Amino acid sequence: MIEMNNISYIKGNILHGGNIPRILIHSCNCNGTWGGGIAYQLAVHYPEAEKIYTDICDDFGSELLGKCVLIPSFSDDSLLIGCLFTSVYGGSSHDTKNEILKYTKLSLMQLSLQLENNDSCIDTCLSEYNQLLISNIKHHLKDYKLEMPKINSGIFNVPWEETEKILKELKPMEFTVFSI
């Protein structure tokens with residue numbers, strides 16, 4: 001494992017985590033599709049979570065930009081899925097690099113507030129989904145380890161170093177980044 005300030009790097013499959021409380025963070029679109037990259041893998045492994053994600057996107061669309069929504073995995077009590085809404089659309093229609101980076105920072109700042117306040121829903125527009133998370137959460141949010149792949153660097157085509165710079169600015173948050 002390589003450590004850089006508040007970021008640790010691990011080689012391995014992020015989907016094969018242990019039984020520790022963890023939030024698997026990924027960047028996603030507001031269009032309701034987990035169709036590629038890590039999002040596709042999440043859809044395959046956690047179809048109930050994808051259904052909640054799709055419902056949230058159907059209800060709120062682009063209002064989700066810059067927000068973080070925590071969704072239970074429904075199959076692993078120790079795993080929450082942290083959806084960072086960083087682009088309106090996915091695939092080749094994704095937003096610009098600068099927009100994606102801006103919304104990444106905003107959504108991670110919101111996640112920080114959620115962890116600090118043990119509140120799964122800072123944004124009142126998403127309050128109806130709050131109860132779902134509360135009924136499925138087994139630990140205080142601050143006790144969850146933050147894990148992610150190299151977000152934004154796949155389908156969104158943002159150089160990892162630019163997202164990494166944002167993560168470094170978000171101390172005291174600590175991230176574990178997985179690569180294969």
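Yeah, the Cβs are placed from backbone N, Cα and C, and that goes for glycine too.
Positions annotated as substrate binding site by Swiss-Prot: 12-14, 27-29, 34-39, 151-157. The feature domain 'Macro' is assigned by Swiss-Prot to 1-180.
Overlay of Swiss-Prot annotations on the structure.
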{"residue": "Gly12", "record": "substrate binding site", "contacts (Cβ under 8 Å, 6+ apart)": "Phe178, Ile180"}
{"residue": "Ser27", "record": "substrate binding site", "contacts (Cβ under 8 Å, 6+ apart)": "Leu84, Thr86, Ser87, Ile100, Thr104, Ile151, Asn152, Phe156"}
{"residue": "Trp34", "record": "substrate binding site", "contacts (Cβ under 8 Å, 6+ apart)": "Cys28, Tyr40, Leu42, Ala43, Glu50, Tyr53"}
{"residue": "Gly37", "record": "substrate binding site", "contacts (Cβ under 8 Å, 6+ apart)": "His26, Pro149, Gly154, Ile155"}
{"residue": "Asn157", "record": "substrate binding site", "contacts (Cβ under 8 Å, 6+ apart)": "His94, Lys97"}
Averaged pLDDT score, the domain 'Macro' (1-180): 87
Cβ neighbour count (within 10 Å, all chains shown) around Gly154 (substrate binding site): 16
Secondary structure at Ile151 (substrate binding site), reduced by DSSP to three states: coil
Cβ neighbour count within 10 Å of Ile151 (substrate binding site): 26
For Trp34 (substrate binding site): DSSP state (helix, strand, coil): coil
